[in-house]
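This report concerns only the one structure given below.
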Amino acid sequence: VLSGTDKSNIKAAWDKVGAHAGEYGAEALERTFTSFPTTKTYFPHFDLSHGSAQVKAHGKKVADALTNAVGHLDDLPGAMSALSDLHAHKLRVDPVNFKLLSHCLLVTLACHHPNDFTPAVHASLDKFLATVSTVLTSKYR
């Protein structure tokens, strides 16, 4: 459960991401594909090379979904229901991949905002991404 402090930390951190959200989403995806090559199996039709338009576009989708989630911290299941259905029933993404991408997103945010990435902010963002991952995998059952 996200505390009031967590919610404040998440909103403040995401405000700093701002216009860079799509760029950071793409960077986190590239980091995921490089660090965990098995994640590439879900994107056989993508050009996965550095800077590819397809990775940038999907990174923006990821970032937009997270921006939506940040705006609905009190109702993540409702805000992410359609994405949960898509990933569970159509795409059939292995749930572990959400954790891998979450880790890579935290690394990306820490690299770009080292002074703002305090232990408290790190913990809040980690809880947020874990909650988002749980919501996205809730329809798998």
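Cβ atoms are placed via backbone N, Cα and C, with glycine included.
Keep in mind the model is a prediction, meaning the values are calculated, not measured.
The domain 'Globin' annotation in Swiss-Prot covers 1-141, and the record cites sequence analysis as its basis.
Residues near S3 (phosphoserine) in space but far in sequence (CB under 8 A, at least 6 apart, same chain): none are found. Marked as phosphoserine by Swiss-Prot on the basis of similarity to another entry: S3 (among others).
Taken from Swiss-Prot, the feature N6-succinyllysine applies to K7 (among others). Contacts of K7 (N6-succinyllysine) defined by a Cβ separation under 8 A and a same-chain sequence distance of 6+ are given as L73, S124, in order along the sequence.
Sequence-distant contacts of K11 (N6-succinyllysine), defined by Cβ-Cβ distance under 8 angstroms and a gap of at least six in the same chain, are V70, L73. The secondary structure of K11 (N6-succinyllysine), as reduced to three states from DSSP, is helical. Per Swiss-Prot, the feature N6-succinyllysine maps to K11 (among others); the stated evidence is similarity to another entry.
DSSP classifies K16 (N6-acetyllysine) as helix under the three-state reduction. Taking the Cβ of K16 (N6-acetyllysine) as centre and 10 Å as the limit, one finds 13 other Cβ atoms among all the protein chains shown. Annotation comment: Swiss-Prot describes K16 as N6-acetyllysine, evidence class similarity to another entry.
Annotated phosphotyrosine per Swiss-Prot: Y24, in sequence order. Mapped onto three states, the DSSP output places Y24 (phosphotyrosine) in helix. Its Cβ taken as reference, Y24 (phosphotyrosine) is surrounded by 22 other Cβ atoms within 10 Å in the chains shown.
Look at S35 (phosphoserine): DSSP puts it in a helix. According to Swiss-Prot, the feature phosphoserine maps to S35 (among others).
Cβ-based neighbour count (10 Å, all protein chains) for S49 (phosphoserine) stands at 10. The phosphoserine feature in Swiss-Prot is assigned to S49 (among others).
Swiss-Prot lists H58 with the feature O2 binding site, giving sequence analysis as the kind of evidence. The DSSP secondary structure for H58 (O2 binding site) is helix.
The heme b binding site annotation in Swiss-Prot covers H87. There are 21 other Cβ atoms within 10 Å of the Cβ belonging to H87 (heme b binding site).
Counting every protein chain shown, the number of other Cβ atoms lying within 10 Å of the Cβ of S102 (phosphoserine) is 20. Marked as phosphoserine by Swiss-Prot: S102 (among others).
Counted within 10 Å of its Cβ, the other Cβ atoms near T108 (phosphothreonine) come to 23, all protein chains included. Look at Swiss-Prot and you will find T108 (among others) tagged as phosphothreonine, backed by similarity to another entry.
Sequence-distant contacts of T134 (phosphothreonine), defined as residues of its own chain at least six apart whose C-beta falls under 8 angstroms from its C-beta, are absent. Annotation comment: Swiss-Prot describes T134 (among others) as phosphothreonine.
Around T137 (phosphothreonine), a 10 Å sphere centred on its CB holds 19 further CB atoms from the protein chains shown. For T137 (among others), the entry in Swiss-Prot reads phosphothreonine, with the evidence type similarity to another entry.
According to Swiss-Prot, the feature phosphoserine maps to S138 (among others), an assignment based on similarity to another entry. Within the same chain, the residues at least 6 positions away from S138 (phosphoserine) whose Cβ sits under 8 Å from its Cβ are P77, S84, listed in sequence order. S138 (phosphoserine) carries a helical DSSP state (H, G or I).
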Distance from S49 (phosphoserine) back to H87 (heme b binding site), taken between C-alpha atoms, in Å: 23
Y24 (phosphotyrosine) and K16 (N6-acetyllysine), Cα-Cα, nearest whole angstrom: 12
Fewest-neighbour residue among recorded positions, criterion Cβ within 10 Å, set S35, H58: S35
Nearest-integer angstrom distance between the alpha carbons (Cα) of S35 (phosphoserine) and T108 (phosphothreonine): 13
